[in-house]
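A short write-up of the structure that comes next.
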Amino acid sequence: MLENYQNLVWLGLSISKSVISLLEKRKLPWIMAKEEIRGPLPGYFKVSEMTISQEPKAKTRTLFGKDVPGAEIKELSAKRAINEVLSQFDTVIKCTRNVCKECGNLYCHNMQLTLHKRNHTQKKCNQCLDCGKYFTRQSTLIQHQRIHTGERPYKCNECIKTFNQRAHLT
């Protein structure tokens, strides 16, 4: 994604430094509400504002309001770059539909979000109060707590040793 923004800057489109900074940190520069999914991105560039030279090659281009001599822009490659960036936006837009309301993480597939949500709910239910570890099942937590309490409910009839898990009996 950052590379696509760099391509837009190379083409002469102005992108704010804060947006590039967010992309370098691998964060999205915006989060859209469901109603705005197909709308334009407010506060950012608009492709319609970009002008491409009608000549096959332009000898200069403008970057942040300054002319850069010797730069060549082909109309075809500029259109290709824009289409590539727009396809990336479609991917980002699809991913913004599945946002975790608790922590703000983005997921492209609804199933990924569903699995992620379990992390938030299970932390409250299955956390060991002694060491802070989290468990997906309460039965696993109960087994784990025997380590802290020293409880050994399973006894071997042959050697008289005791164990904290039935699976350790052989």
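Cβ from N, Cα, C; glycine included.
Lifted from Swiss-Prot, the feature list:
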DOMAIN    1-42  domain 'KRAB'
ZN_FING   98-120  zinc finger
ZN_FING   126-148  zinc finger
ZN_FING   154-170  zinc finger
Check: Mind checking which residues reach the zinc finger (126-148)? Cβ under 8 Å, same chain, six or more beyond either end.
Finding: 118, 164-165
Check: When DSSP states are grouped into helix, strand and coil, how many residues of the zinc finger (126-148) land in each?
Finding: 11 helix, 2 strand, 10 coil
Notebook entry, point to check: Where does the mean pLDDT land for the zinc finger (98-120)?
Noted result: 82
Notebook entry, point to check: Helix, strand, coil residue numbers for the zinc finger (154-170) per DSSP?
Noted result: 3 helix, 4 strand, 10 coil
